[in-house]
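**Q** I have a structure here, written as structure tokens, and I will follow up with some questions on it.
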Amino acid sequence: MLTLTHICTVSYEVRSTFLFISVLEFAVGFLTNAFISLVNFWDVVKRQPLSNSDCVLLCLSISRLFLHGLLFLSAIQLTHFQKLSEPLNHSYQVILMLWMIANQANLWLAACLSLLYCSKLIRFSHTFLICLASWVSRKISQMLLGIILCSCICTVLCVWCFFGRLHFTVTTVLFMNNNTRLNWQIKDLNLFYSFLFCYLWSVPPFLLFLVSSGMLTVSLGRHMRTMKVYTRDSRDPSLEAHIKALKSLVSFFCFFVISSCAAFISVPLLILWHDKIGVMVCVGIMAACPSGHAAVLISGNAKLRRAVTTILLWAQSSLKVRADHMADSRTLC
């Protein structure tokens, strides 16, 4: 039998601080990922061909816009609508379900990016691996469509699992003679089972990401040993490409593990222990991780860095023109 601890009330100051931090995280995450999306989308508008990596980054940034929006809605629900002494309301459960699906799509896209780096950077010697790398490079658009299809399938299965257990809850209520406490526990456990189901579907892309990232790491080590033997030039383009790719992949791995741990810990905090402060901390960590990886992607991509430099130069020149105009106005006065 499940035993629930006492419900921790949250002061107005804590809720206000959490909401302020959530607004900042949403603003930073939205701006960074919208920047990546707009830079790549502008190339599409100008009818310039997008590289495979740019296509993946475009899809990845769009999926993270949804992630940040859902996490911000979750923060609003926690601070204003959801009382942990009551069962989770329907709107909050829908937000959590959509977040699980968007997070899984994000993982599939990261696995696709890792495979793309492998196909471009690793020099394979086996015929099968050479053909596989060539196939990945040629079929990247189909892989992206496949990711969307897998996300849709996962959505249907998660919704089926969730509402199927909801039917079990309704049937249970009829036979429990209005035992509301047990009904609340079963309703909350429905979300937990759906959460576990989504995480099981995340195992294949996560393993794919780990294998391809491991192959890229081995390739980097082999390339560095070759450089020590045959050349003294430390500025090798292939080496720099390896390092930049690994930085983006390792940073994603770290941020994803941290975010997943926070999400997993938040479930018992939300359902069993009703610790709203703990849930707020977990939501804050989950919102910060995609923003951090977006910053790493911008710093490691030459086109995005050039766009940032252009924007900063434009802002600097605009401020200078405005300051000169104000100085001229004062002189005339």
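Note: Cβ is positioned from N, Cα and C throughout, glycine not excepted.
According to Swiss-Prot, the protein has these features:
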{"type": "TOPO_DOM", "residues": "1-17", "note": "topological domain 'Extracellular'"}
{"type": "TRANSMEM", "residues": "18-38", "note": "transmembrane segment"}
{"type": "TOPO_DOM", "residues": "39-55", "note": "topological domain 'Cytoplasmic'"}
{"type": "TRANSMEM", "residues": "56-76", "note": "transmembrane segment"}
{"type": "TOPO_DOM", "residues": "77-94", "note": "topological domain 'Extracellular'"}
{"type": "TRANSMEM", "residues": "95-115", "note": "transmembrane segment"}
{"type": "TOPO_DOM", "residues": "116-142", "note": "topological domain 'Cytoplasmic'"}
{"type": "TRANSMEM", "residues": "143-163", "note": "transmembrane segment"}
{"type": "TOPO_DOM", "residues": "164-190", "note": "topological domain 'Extracellular'"}
{"type": "CARBOHYD", "residues": "Asn178", "note": "N-linked glycosylation site"}
{"type": "TRANSMEM", "residues": "191-211", "note": "transmembrane segment"}
{"type": "TOPO_DOM", "residues": "212-251", "note": "topological domain 'Cytoplasmic'"}
{"type": "TRANSMEM", "residues": "252-272", "note": "transmembrane segment"}
{"type": "TOPO_DOM", "residues": "273-276", "note": "topological domain 'Extracellular'"}
{"type": "TRANSMEM", "residues": "277-297", "note": "transmembrane segment"}
{"type": "TOPO_DOM", "residues": "298-333", "note": "topological domain 'Cytoplasmic'"}
**Q** Please give the sequence-distant neighbours of the transmembrane segment (95-115): residues at least 6 beyond its ends with Cβ less than 8 Å from one of its Cβ atoms.
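**A** Residues packing against the transmembrane segment (95-115) from afar: 53, 56-57, 59-60, 63-64, 66-67, 70-71, 73-74, 77, 88, 136, 140, 143-144, 147-148, 150-151, 154-155, 158-159, 162, 191, 194-195, 198, 201-202, 205-206, 208-209, 212-213, 216, 248-249, 252, 256, 259, 263, 290.
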**Q** Residue list, the topological domain 'Cytoplasmic' (39-55) vs rest of chain: Cβ under 8 Å, 6 or more residues beyond ends.
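**A** For the topological domain 'Cytoplasmic' (39-55), the list is 61, 113, 116-117, 120, 137, 140-141, 144, 303-304, 307.
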**Q** Would you say the transmembrane segment (252-272) and the transmembrane segment (56-76) are in contact under the rule of three or more C-beta pairs closer than 8 Å, pairs 6 or more apart in sequence?
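**A** Judged by the Cβ rule, the two regions do not touch, with the required three close pairs absent.
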**Q** Could you tell me whether the transmembrane segment (277-297) and the transmembrane segment (18-38) have 3+ CB pairs under 8 A, leaving out pairs under 6 positions apart?
**A** yes
**Q** Could you give me the DSSP helix, strand and coil counts for the topological domain 'Extracellular' (273-276)?
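**A** Grouping H, G, I as helix and E, B as strand yields 1 helix, 0 strand, 3 coil.
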**Q** Cβ under 8 Å, sequence separation of at least 6 from the ends of the topological domain 'Cytoplasmic' (298-333): give me the contacting residues as numbers and ranges.
**A** 32, 35-36, 39, 54, 57, 244, 247-248
